[in-house]
Amino acid sequence: MVKRIGVLTSGGDAPGMNAAIRGVVRSTLFKNKEVFGIYDGYQGLYDNQIQQLNRYSVSDIINRGGTILGSARFPEFTQKENRARAIKNLNSHGIDALVVIGGDGSYAGAELLAKEGGIHCVGLPGTIDNDVAGTDYSIGFFTALQTVVEAIDRLRDTSSSHQRISIVEVMGRHCGDLTLAAAIAGGCEFIVIPEVPFDRKELITEIKAGIAKGKKHAIITITERICDINELSQYIEKETKRETRPTVLGHIQRGGAPVAYDRILASRMGAYAVELLVQTDHKAILSCCVGVQNGKMRHAPISECISIDNKRQKFKEDWLDVANTLF
């Protein structure tokens, strides 16, 4: 039976991570188990930055953005000798289970710890990109969405005043969920996402068609890394003869107090992770990730959640249909 549970946050931070940490800590203590915080992700696990936590360690953090445990990217964790040192550190503290809050890379690290060290590991999806399979939504997605929509609303004010085209670059890496949701909620006229092939000439045709119908201004949302939006802005202005301005929202999307849904989702996921760990049999090493599907908590093997095929199946085509209908 699991006696000591560790918790860490890894990769890019997301609003709601603190709520998840709180959920893990309070639920572990409720089950009369001990809980340890691991600072600065896998880097901290490697450096043995591990400290026992109590219920007061997580007081007044549910409303705070970021992560009190800190986070770091630690590519050296791909090396087996570094993972061996991390496992040794866990064993030295008597930690036999670990909750990892993060994205795909964090999940992959957790799976290796389970395989190589016999550590029970549960992953919680903590990323604003919403690009983790096995869950409808990840912790932080809805807070980031609110941030992006508020920015779009402000840009629309100035775009309409100057009859201008605005291009808004949104985070997401290779996933267009945040861009797509923001475009729908912000009433944007055009959307460019990784899941749909991008044709600049086709975009110009659509913009000109809107102008011909009397459209005075427009907002274009685009997922990061698709193209250089400064160059795209110049191209659109040249082809349409309309003033065009790019805006990169950047890391502001990761910050801020989490919205209510993210706080609830993170709390539920944290509690569910502990429930899975407490119920697990030591003979069968647990390596799974938690998600919400159709409103209910679910779990699946980490290997399934980080597979390319499952990530492709996650794309919200119904959202794209709505967007195309409304635009």
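Keep in mind that glycine also has a Cβ here, set from the backbone N, Cα and C atoms.
Here's what Swiss-Prot has on this protein:
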type	residues	note
ACT_SITE	Asp129	active site, proton acceptor
BINDING	Gly12, Arg73, Phe74, Gly103, Asp104, Gly105, Ser106	ATP binding site
BINDING	22-26, 55-60, Arg156, 187-189, Lys213, 215-217	ADP binding site
BINDING	Asp104	Mg(2+) binding site
BINDING	Thr127, Ile128, Asp129, Arg164, Met171, Gly172, Arg173, Glu224, Arg245, His251, Ile252, Gln253, Arg254	substrate binding site
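Shown here: features listed in Swiss-Prot, placed on the structure.
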residue: Gly12; record: ATP binding site; Cβ within 10 Å: 20
residue: Tyr56; record: ADP binding site; Cβ within 10 Å: 8
residue: Ser59; record: ADP binding site; Cβ within 10 Å: 10
residue: Arg73; record: ATP binding site; Cβ within 10 Å: 14
residue: Asp104; record: ATP binding site; Cβ within 10 Å: 21
residue: Gly105; record: ATP binding site; Cβ within 10 Å: 20
residue: Asp129; record: active site, proton acceptor; Cβ within 10 Å: 26
residue: Arg173; record: substrate binding site; Cβ within 10 Å: 16
residue: Arg245; record: substrate binding site; Cβ within 10 Å: 17
residue: Arg254; record: substrate binding site; Cβ within 10 Å: 19
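Among the binding-site residues listed here, namely Gly12, Tyr56, Ser59, Phe74, Arg173, Arg173 has its C-alpha nearest to that of the residue listed as 'active site, proton acceptor'.
Across the residues annotated as binding substrate (Thr127, Ile128, Asp129, Arg164, Met171, Gly172, Arg173, Glu224, Arg245, His251, Ile252, Gln253, Arg254), the widest Cα-Cα separation comes to 32 Å.
For the pair Ser59 (ADP binding site) and Gly105 (ATP binding site), the C-alpha distance works out to 29 angstrom. Within the group of binding-site residues (Arg22, Lys213, His217), the Cβ with the highest number of other Cβ atoms inside 10 Å belongs to Arg22. When other Cβ atoms within 10 Å of the Cβ of Ile252 (substrate binding site) are tallied across all protein chains shown, the result is 13.
The binding-site residues listed here (Gly12, Gly187, Lys213) include Gly12 as those with a Cα within 10 A of the Cα of Arg254 (substrate binding site). Within the set of binding-site residues Tyr56, Thr127, Lys213, Arg245, Ile252, the entry lying nearest in space to Gly12 (ATP binding site) is Thr127 (CA atoms).
Sparsest Cβ environment among the binding-site residues Gly103, Gly187 (other Cβ atoms counted within 10 Å): Gly187.
The closest partner of Asp104 (ATP binding site) among the binding-site residues, by CA position, is Met171; the full candidate set was Arg22, Tyr56, Met171, Gly187. The binding residues for ATP are recorded as Gly12, Arg73, Phe74, Gly103, Asp104, Gly105, Ser106; their greatest pairwise CA distance is 13 Å. Note: the ATP site is recorded as Gly12, Arg73, Phe74, Gly103, Asp104, Gly105, Ser106; in the same chain, Ser10, Gly11, Gly41, Gly102, Gly109 also have Cβ atoms within 8 Å of that site's Cβ centroid. For Val25 (ADP binding site), other Cβ atoms within 10 Å of its Cβ number 25. For Met171 (substrate binding site), the Cβ neighbour count at a 10 Å cut-off comes to 23, with all displayed protein chains included. In the shown protein chains, 21 other C-beta atoms lie within 10 A of the C-beta of Phe74 (ATP binding site). Other Cβ atoms within 10 Å of the Cβ of Thr127 (substrate binding site) number 29 in total over all chains.
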